[in-house]
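Notes follow the structure.
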Amino acid sequence: MLKFAAWFASHRGVVGVFIGIVTLLAAIGYVRPAHVVHPLEKYETRLREADPAVADQVSRRLDLSRSDSFLVVDAPDLFTPRRMAAVRRMVDAVEALPIVDSVFWADRVPMLNVFGFADPLIPAEGAGPEALAEARQKLLVHPLAQQLVSDDGNALLMPVTYDWLELAAEGSAQTVDQVLATARGALAEGASADSPIRVRLTGRTPLFAAQKSAFDRNKTFFQMVGYLLALVLAILMFRGVAAVAVISLAPALGVFWSLGLVKLLGVPSNPLAEVVMPVMVSMIGLTDGVHLLVQIRRERLAGAAPIDASRLALEKVGMACWLTSLTTAVGFASLLLAGSDYVRDFGLICCCGVVIAFMAIITFVPLLCSTWVGRYVERGESRDLVSHSVDWLGRLIDWIIARKWVVSAGSVAATLALAAVALRLGPDNRLASAMPAGAEAYQALAYCDEHFGGIEFFRVVMRWPEGVDEDDPQVLAAIRDTERVIKAEPLLAHPLSVRGMLASMPGDPEDLETQVTFLSLLPSELRGFFYRPAEREAVVSVRMQDKGIAKYTPVFDRLEQTFVDGLAAAHPGYAWRLEGTPVKLSRDLYQIVDDLRRSLATASVVILIVLGIAYRSARAGLISVVPNLFPLAATGTLLVFTNGSLDMSAVCAFVVCLGIAVDDTIHFLSRFRQEVAVDGDVDAAIRRAFVAVGSALIMTTVILVTGFGAMLMSDLPGHRTFAAMACCTISTALVGDLVALPALLSCFYRGAVRPHPEPADR
């Protein structure tokens, strides 16, 4: 960094040209980005299961898991002539929309009749109250129709599929509004003032629209709030126009460069990175900018010219800024080892952002302060809110050093205890953690969980052995036993199979030899979806609620174990497997935990090696373990006590936390090594290092907590979780670096640096 500082002093014009070129390239990235796909759409598309083949289109409506949306219609005494007429008008009106392909509801369920006649489940318009009341009771016991009627008979569930060409033109948010407006307008005619018919829309498309709307709203709002709060704090702390201008413009340039260049290069983004990365880059850039500016102000007060003050600041603080950016980038780069695309994309874009922001800060701040602006940066230093209080806090350092062994032992014990609690964190994922508070689409989903058993689905696929005929009663026996295993799980509801539909036919449901003869009487679309003789497979569709994958993973494991240990013995040659998005998410989520452990372990080892090489002392690297691990353990403990879990946001936040935790440690260690080189007195060097960098550490902590804290007001739970973890880490990192680190250095740092005859500038 000494060579760069000297080169900078003699080539400021080149630095200015470099800043101009990069700024121009970033501006091009905003105007002509390489990718224009919304970050949410990439992951939403991957969660969809492949569309069925053309031959399967007829039975697609029976697979409720493929439905784009669900209309939820509820009212007391829904089965009255007036209300049923309104419901029919609503279905016709919604289906007439160009964006809607079809609406499937209880009135369109294929008929099950041993004689092949089509008896309507819901009487035609004009039927009396008695006929509708009787129809309601039939629906509640019908094997397929009961999937579309609530347990109390007061609500109807209507799967909706869209014309995706029309949907692409309209947009998901406009589609939701249009469908709801049409449905509510049609229902208004059948409702009364004292007993209205309520209709809501939930499912994949409405939930995505609600999340996207909140995401786009938060993306700009909380960035602006965070920047404004940081600016206000900078004004209060630095008390000088020039200093505030420098410390405000530098992070803004870092954000402009980062966002523009990643757009220009086509670096893939994701929903979390789109909101978090700009705030994180500005806050981390602000940290390095504060350290540089504080040192430049000191050099100016000592009589240095603006150019010399910038050069000396680069010599003394530049290496620490480089190490903090390097270690933070290493932490994000470790996420590239993850198996999840979501986590890898987050790591890549944030790694790029940190490196780009470092280039902006390390060039712009010294360059601006070396101009006429540098003549005024020290103004207001006498009114600095923090710097003068650091001298008083020096008593804390004296107290710590006097009790260094007790403080060191307590720090290690506290870190281990917090880490033990944090290890209790388990993985989880549920829609509620990604949805804005109060979203109508999610409220409708919660209603479906309570009254319909949920609208998330997975499938149990049973395969019978070769040589077994498709109409063998043993196949139905195996399906029946499969349903019994599923019904034994209280978190699962309404298993639906061909056996259940055959059981509704006349006769004894346990007389499988008779029941199997009715297979040919089932409508072909029903038989084709649930019974596939060509593949020797039968499908059981199962409903589940949005209670979180953590609750359902043991259920999936028990099902698979029971199929292997129990049913396989009773039905030799038969095989079972679980399919569907919830099952895939369950497997992927536990992979994410392994990704987190591997990424954090890799990043920690690499950071330890980097610090050891940079400081030419393995001991310095080892000493930094406790103050770096302490904030991570404290943050994990916070999640445990707030009933949090390891979801996507938390996994990514932990890596951000690691970079933040290392940041303060590096600045303190770098200054400490400069001070210990003066006379070799470790304790005196600790005191001088605290006075030198303590004010900057406190300033950056206050500003960072305020900036990230603005995101606590977000209505997206994932953003709030990330913000809470970041604030906790930043706060506890300051405690670790101002309490644990001085004590550990005083106890264990010996003889690593030879005394230097000249005192360090302070």
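For all residues, glycine too, the Cβ spot is worked out from N, Cα and C.
Going by TrEMBL, these are the annotated features:
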TRANSMEM  12-31  transmembrane segment
TRANSMEM  227-255  transmembrane segment
DOMAIN    249-371  domain 'SSD'
TRANSMEM  275-296  transmembrane segment
TRANSMEM  317-340  transmembrane segment
TRANSMEM  346-373  transmembrane segment
TRANSMEM  405-426  transmembrane segment
TRANSMEM  596-615  transmembrane segment
DOMAIN    620-747  domain 'SSD'
TRANSMEM  622-642  transmembrane segment
TRANSMEM  648-669  transmembrane segment
TRANSMEM  689-710  transmembrane segment
TRANSMEM  722-745  transmembrane segment
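Taking residue pairs at least 6 apart in sequence, the transmembrane segment (596-615) and the transmembrane segment (648-669) share three or more C-beta contacts under 8 angstroms.
Recorded stretches compared: 227-255, 275-296, 317-340, 596-615, 722-745; the one with the most Cβ pairs under 8 Å to the transmembrane segment (405-426) is 722-745. Against the transmembrane segment (275-296), stretch 227-255 shows more Cβ pairs under 8 Å than any other of 227-255, 317-340, 689-710, 722-745. Secondary structure by DSSP for the domain 'SSD' (249-371): 109 helix, 0 strand, 14 coil. Contact between the transmembrane segment (317-340) and the transmembrane segment (227-255) does not hold: fewer than three of their C-beta pairs are under 8 Å, each pair 6 or more apart in sequence. Segment contact is absent for the transmembrane segment (689-710) and the transmembrane segment (346-373), given fewer than three CB pairs below 8 angstroms at sequence separation of 6 or more. Here the transmembrane segment (722-745) has Cβ contacts under 8 Å with residues 272, 276, 280, 396-397, 400-401, 403-405, 407-408, 411, 415, 623-624, 626-628, 630-632, 634-635, 638-639, 642, 649-650, 652-654, 656-657, 660-661, 663-665, 668-669, 672, 682, 686, 690, 694, 697-698, 701, 704-705, 708-712, 714 of the same chain, all six or more residues outside its ends. Taking Cβ pairs closer than 8 Å, the transmembrane segment (622-642) reaches residues 411-412, 414-415, 418-419, 421-425, 600, 604, 607-608, 611, 650, 653-654, 657-658, 660-662, 665, 669, 721, 724-725, 728-733, 735-737, 740-741, 744-745, 748-749 in its own chain, all 6 or more past its ends. Within its own chain, the transmembrane segment (346-373) has Cβ neighbours under 8 Å at 8-9, 12, 15-16, 18-19, 22, 242, 245-246, 249-251, 253-255, 257-258, 261-262, 265, 267-270, 272-273, 276-277, 280-282, 284-285, 288-289, 292-293, 296, 306-307, 309-311, 313-314, 318, 321-322, 325, 328-329, 332-336, 338, 599, 652, 655-656, 659, counting only residues six or more beyond its boundaries. Under DSSP, the residues of the domain 'SSD' (620-747) split into helix, strand and coil as follows: 116 helix, 1 strand, 11 coil.
Taken together, the residues of the domain 'SSD' (249-371) have an average pLDDT of 82.
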